[in-house]
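Asker: I'd like to ask some things about the structure below.
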Amino acid sequence: MSAHGPARPLSAHAAGPLTGQADVPGDKSISHRSLILGALAVGETRVTGLLEGQDVLDTAAAMRAFGAEVTRHGPGAWSVHGVGVGGFAEPDQVIDCGNSGTGVRLVMGAMATTPITATFTGDASLRGRPMGRITDPIAQFGAAAHGRKGGRLPMTIVGAAQPVPVRYVTPMPSAQVKSAVLLAGLNAPGQTTVIEAEATRDHSERMLAGFGAEIVTETTTEGRVITLTGRPELRPQTIAVPRDPSSAAFPVCAALIVPGSDVLVPNIGLNPTRAGLFETLREMGADLTYENERLEGGEPVADLRARFSPDMAGVEVPPDRAPSMIDEYPILSVVAANASGATRMLGVKELRVKESDRIDAMARGLEACGVRVEETEDTMTVHGLGAGQVPGGATCAARLDHRIAMSFLCLGMATRKPVTVDDAGPIATSFPIFETLMCGLGARFAEG
Ligand SMILES: O=C(O)C1=C[C@@H](OP(=O)(O)O)[C@@H](O)[C@H](O)C1
Ligand SMILES: C=C(OP(=O)(O)O)C(=O)O
């Protein structure tokens with residue numbers, strides 16, 4: 001039994017060619033930020049294309065608990081009536097962020113410089129994830145945190161009564177940490193600076209600027225130096241959420257490994273801080289093309305076209321690419337199993353503190369399906385067997401992790417024997433239409 005109900009085993013069977021168009025849902029990172037920044041603006045923000053996955057729904061509920069009016073008008077169409085920077089009310093209930101690291105960490109940052117107290121929790125996966133990376137910087141603003149041993153949820157944050165601005169060097173490449181500091185900085189008088197050695201996704205910076213905050217990014221020898229001026233009045237926005245490249249990764253990669261496939265995935269944002277997977281796939285020899293390349297809302301966008309690629313070869317994925325494809329390593333390791341030779345993924349230790357330890361989850365599942373994997377704390381090497389050569393025939397543990405569940409289901413579309421995941425439930429956190437969409441392309445799933 002997991003937080004989302006009884007476990008729901010699902011098997012993927014060898015599919016005919018995957019063909020057609022895959023309309024993937026809205027971007028998860030931008031959806032969370034639309035709700036949180038909308039709640040901190042004065043007036044009504046309108047959002048279309050919002051991802052209605054459980055992670056984002058939990059953030060919507062959190063924003064209501066802090067006093068914002070959040071309304072759903074129709075599929076993906078939402079409005080948020082914000083309370084203004086510093087205007088959060090004290091919630092009279094525990095904030096349950098479910099499975100979402102982004103949700104809990106950004107909301108903790110957003111409330112940390114307001115003199116209110118809030119208690120956060122989540123599902124078994126989220127309760128196991130480290131929160132010290134947020135409580136350390138918010139302590140510098142003057143907030144206090146009382147959590148379980150190891151900085152785990154449930155945790156109570158006492159917001160700073162007299163916040164001071166902060167200069168913070170992120171100790172690991174993390175957009176969640178960077179964003180939590182920036183959101184906390186909103187209600188601190190003066191300038192808050194975040195310095196990151198490696199560029200992580202920059203949606204917070206772009207969206208804060210869009211909402212009218214004064215925010216400047218410079219590239220220096222230290223890395224990216226982002227300076228935010230506190231206490232702005234954020235202006236409500238009209239936001240069209242672009243489609244999620246991290247969700248697009250699943251139909252794209254499945255098409256590359258299933259014989260005869262030809263799939264079009266339209267309108268995918270190719271912000272360079274998110275597009276590392278597609279670059280890697282092309283280096284492996286994938287038949288992946290960008291059609292109709294254009295700029296939308298200042299961001300590069302293209303339609304992705306992926307065709308069966310029987311001659312892909314393993315590559316070395318450099319550590320500095322990791323932040324731009326951090327959520328895509330599980331599905332990359334599935335493609336790597338269907339390529340010839342070794343794919344070495346370097347600088348990936350952050351994968352160990354996601355919804356599951358994703359290196360361990362993928363290594364154990366791939367091994368059970370007949371693929372050799374080597375791992376160190378910070379690397380994973382998949383020894384590919386070549387197109388159509390993976391035996392399969394195993395049940396893989398999803399470990400309350402949507403990306404692990406979807407990755408093994410994609411693997412099973414190209415293995416000799418079906419692959420089962422012990423619980424497909426977590427998929428609803430980020431990609432609730434995954435099964436319908438993949439079946440529409442020609443995938444075959446069976447319950448149990
Ligand atoms: O800021 C975000 O929206 C996210 C940042 C990443 O986490 P980290 O910042 O912890 O790497 C990513 O894994 C997550 O899915 C979404
Ligand atoms: C790591 C992820 O999400 P989060 O950290 O928000 O739980 C993810 O979606 O792959």
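Glycine is treated like the rest: Cβ placed from N, Cα and C.
Per TrEMBL, the features are:
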ACT_SITE  ASP327  active site, proton acceptor
BINDING   LYS28, SER29, ARG33, SER174, GLN176, ASP327, LYS354  3-phosphoshikimate binding site
BINDING   LYS28, GLY101, ARG129, GLN176, ARG358, ARG403  phosphoenolpyruvate binding site
DOMAIN    15-436  domain 'Enolpyruvate transferase'
REGION    1-25  region 'Disordered'
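Context for these features, please: burial, neighbours, distances.
Answerer: Shown in sequence order, SER246, ALA249, LYS354, ARG403 are the residues of the chain, 6+ apart in sequence, with a C-beta less than 8 angstroms from the C-beta of ASP327 (active site, proton acceptor).
In sequence order, GLY101, THR102, ARG105, LEU106, ARG133, ILE134 are the residues of the chain that are 6 or more apart from GLN176 (3-phosphoshikimate binding site) and have a CB within less than 8 Å of its CB.
Cβ neighbour count for ARG403 (phosphoenolpyruvate binding site): 29 (other Cβ atoms within 10 Å of its Cβ, all protein chains included).
Sequence-remote contacts of a segment are chain residues at least 6 beyond its ends whose Cβ falls under 8 Å from one of its Cβ atoms, and for the region 'Disordered' (1-25) they are 51-54, 76, 98-99, 123-124, 243-244, 247-248, 251, 254-255, 258-266, 268, 308, 395, 400, 405, 408-416, 418-426, 428, 431-433, 435, 437-438, 440-448.
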Asker: For the region 'Disordered' (1-25), what does DSSP give as the number of helix, strand and coil residues?
Answerer: 0 helix, 9 strand, 16 coil
Asker: If you count CB neighbours within 10 Å, which one among the binding-site residues SER29, SER174 has the smallest count?
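Answerer: Sparsest of the binding-site residues SER29, SER174 by Cβ contacts within 10 Å: SER174.
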Asker: Quick test of your reading of the structure: among the binding-site residues SER29, ARG33, ARG129, SER174, ARG358, whose CB sits under 6 A from ligand 2?
Answerer: none
Asker: Given ARG33, GLN176, ARG403 as the binding-site residues, which ones have a Cβ positioned under 6 Å from some atom of ligand 1?
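Answerer: Among ARG33, GLN176, ARG403, near ligand 1: GLN176.
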Asker: A 10 Å Cβ contact count, applied to the binding-site residues LYS28, ARG33, ARG129, ARG358: which residue has the minimum?
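Answerer: Output over binding-site residues LYS28, ARG33, ARG129, ARG358: least Cβ neighbours within 10 Å is ARG129.
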Asker: Taking LYS28, SER29, ARG33, SER174, GLN176, ASP327, LYS354 as the record's 3-phosphoshikimate-binding set, what's the max Cα pairwise distance in Å, rounded to a whole number?
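Answerer: In whole numbers, the farthest two Cα atoms are 19 Å apart.
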Asker: Restricting attention to the domain 'Enolpyruvate transferase' (15-436), give the mean pLDDT.
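Answerer: That region's mean pLDDT is 97.
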